[in-house]
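Going by Swiss-Prot, these are the annotated features:
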type: SIGNAL; residues: 1-37; note: signal peptide
type: REGION; residues: 34-267; note: region 'Disordered'
type: COMPBIAS; residues: 41-72; note: compositional bias 'Polar residues'
type: COMPBIAS; residues: 73-82; note: compositional bias 'Basic and acidic residues'
type: COMPBIAS; residues: 94-115; note: compositional bias 'Polar residues'
type: COMPBIAS; residues: 125-135; note: compositional bias 'Polar residues'
type: COMPBIAS; residues: 142-172; note: compositional bias 'Polar residues'
type: COMPBIAS; residues: 186-196; note: compositional bias 'Polar residues'
type: COMPBIAS; residues: 197-214; note: compositional bias 'Basic and acidic residues'
type: COMPBIAS; residues: 258-267; note: compositional bias 'Basic and acidic residues'
type: BINDING; residues: 580, 645, 648, 653, 656; note: Ca(2+) binding site
type: ACT_SITE; residues: 604; note: active site, charge relay system
type: ACT_SITE; residues: 646; note: active site, charge relay system
């Protein structure tokens, strides 16, 4: 019996040793993996890292398997002999277990010391692999830099920082190294740069487009940036354009004697518009549109200091002067610009001027729309062209309009030309009217006397034909089309019509006691049928060139232009309208697209791109959508908007489902924000002068 008890005690001791050994092995495996995790260092050599990580894992798995088998054998022995155990045997077992645990603890400490030593050796090996991989990556990057002639700043410091990571702290796994020809690849501890205000040259953009033709930047603003470089070199032609020869003027803008940048050349700008990917996103536009500041409940003072006056273009009818079925000019049904901006707390107005009148007549009407009073076209002008001197009477939105009290002017299409001419009259007057007044006496409108500076803060043009349009030369100003336009005016001038198309100064309004037959006979004798004092002529290349010669830049005004393009190059090299272009502009788009001069072909359906960028004889600079457009005395040319035709700027194409109201809201919000920056810049300048 004593022998049996001794055997059972021996079995129990063996079982205790096994249990403790299993626990020790488990602790060893956990400790080994923790040490391994803490010693991982970022490396660009994925193969070496994988090989290093697999070694301790395999050792741990082998140890665990061996200890599990030993534990299982001891467990089987315990099941056979453990049924007859006594309390005394249990006490002996506990004492033996304590003694054995002490011995096992010493063994574990010895094993851990050995493991730490092995891990240190592996760490040195991994560090060597990392240095070799890093050096190899640097040599590859140097080759890429030599190939693409691009500067990479900070790559050495980044590599050094990666090698000097504190080994006492767990490191973040290294990212896969991708060669970047524009800038150094960011490390895992530094987030990639998201700076969109840094300009790129056209050459860099073309290279990016070639490498990733289908890649789109979803973080870009609503308008596609064609020319994203801010050019500090002002472009000014020394020669004024010859009438009917604008192409020579544009080709000669950048003379070899002047410092120029191909990024600001009109031909290059249009070429970039062809190659640049379309990244306009209506989703992004909808998100940006939500940034519009709502009108506060107790707000009385508008958000903008100076009123914003929107001026429509050719064929435009607004407010009470628009027929029942005529679309809302500013925004259509997609986004009612005037109404929505007023809800946001902005002081905005839509001017109502002649839909068919000349820029001269429209400029005079615009002045009286703002100031108020009866329209005075001028005695000299009326005598020269043969229409009435006085027109309708405006109530005025700003009767106290005078120097120091300014307005912002935003013009679509022909409206941009009208704005420029009115500002010229305010500042420099009308020489013909001044001379006529001196010779004949009588009254003269304050508009024509000049000396009224500092009454306009900014001029913004949207798809304006500053240099004219071939569509007017070859279609709009033809005799047949003019007869149709004037016949429409004659019909709408009957006594029962409340619609004013803007030619009442020419007699296109039936008198109360006049029969319709007599009215037709009278109007048929009007000089308008053969006159150039109308919109059809002013939109031609010659008419626009004359306007450019009449106007100048005001150093106190911020000038900005927006341009769209909705055509593509066909197999024969001519421009064809894009799918989705407003159907009424298909013919005019093809007329422009088949011009003999290649740089004049790209268009928005009505206006060639080269004409909308800026007046050909005035200085300009290309700006991005990200930078504040607050410069004065120079045309700031915004990037060409891909896929926008002439009426997309005002949202009246009800058949175009690609252009959403949120996109239009974002566009006009951007304009308003620029105008607020102009006011802030002006206020800051005033404070600096006062101090």
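One is the number of the first residue shown, and numbering goes on along the chain from there.
Placed from the backbone N, Cα and C atoms, the Cβ positions cover glycine too.
Shown on the structure are the features that Swiss-Prot records.
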residue : record                           : CB count, 10 Å
580     : Ca(2+) binding site              : 16
604     : active site, charge relay system : 35
645     : Ca(2+) binding site              : 27
646     : active site, charge relay system : 30
648     : Ca(2+) binding site              : 27
653     : Ca(2+) binding site              : 23
656     : Ca(2+) binding site              : 20
Quiz item: Between residue 653 (Ca(2+) binding site) and residue 604 (active site, charge relay system), what C-alpha distance do you get in Å?
Solution: 13
Exercise. Write down the Cα-Cα distance for residue 646 (active site, charge relay system) and residue 580 (Ca(2+) binding site), rounded and given in Å.
Key: 12
Quiz item: Can you list, in sequence order, the residues of the same chain other than 580, 645, 648, 653, 656 whose CB lies within 8 Å of the CB centroid of the Ca(2+) site?
Solution: 566, 581, 582, 644, 647, 655, 658, 659
Self-check item: Rounded inter-Cα distance in Å - residue 645 (Ca(2+) binding site), residue 604 (active site, charge relay system)
Solution: 4
Practice problem: Using DSSP reduced to three states, classify residue 645 (Ca(2+) binding site) as helix, strand or coil. | Solution: coil
Quiz item: Distance between residue 646 (active site, charge relay system) and residue 604 (active site, charge relay system) at the Cα atoms, whole Å?
Solution: 5
Practice problem: For residue 648 (Ca(2+) binding site) and residue 604 (active site, charge relay system), determine the Cα separation and express it in whole Å. | Solution: 9
Practice problem: Express the distance between the Cα positions of residue 656 (Ca(2+) binding site) and residue 604 (active site, charge relay system) as a whole number of Å. | Solution: 14
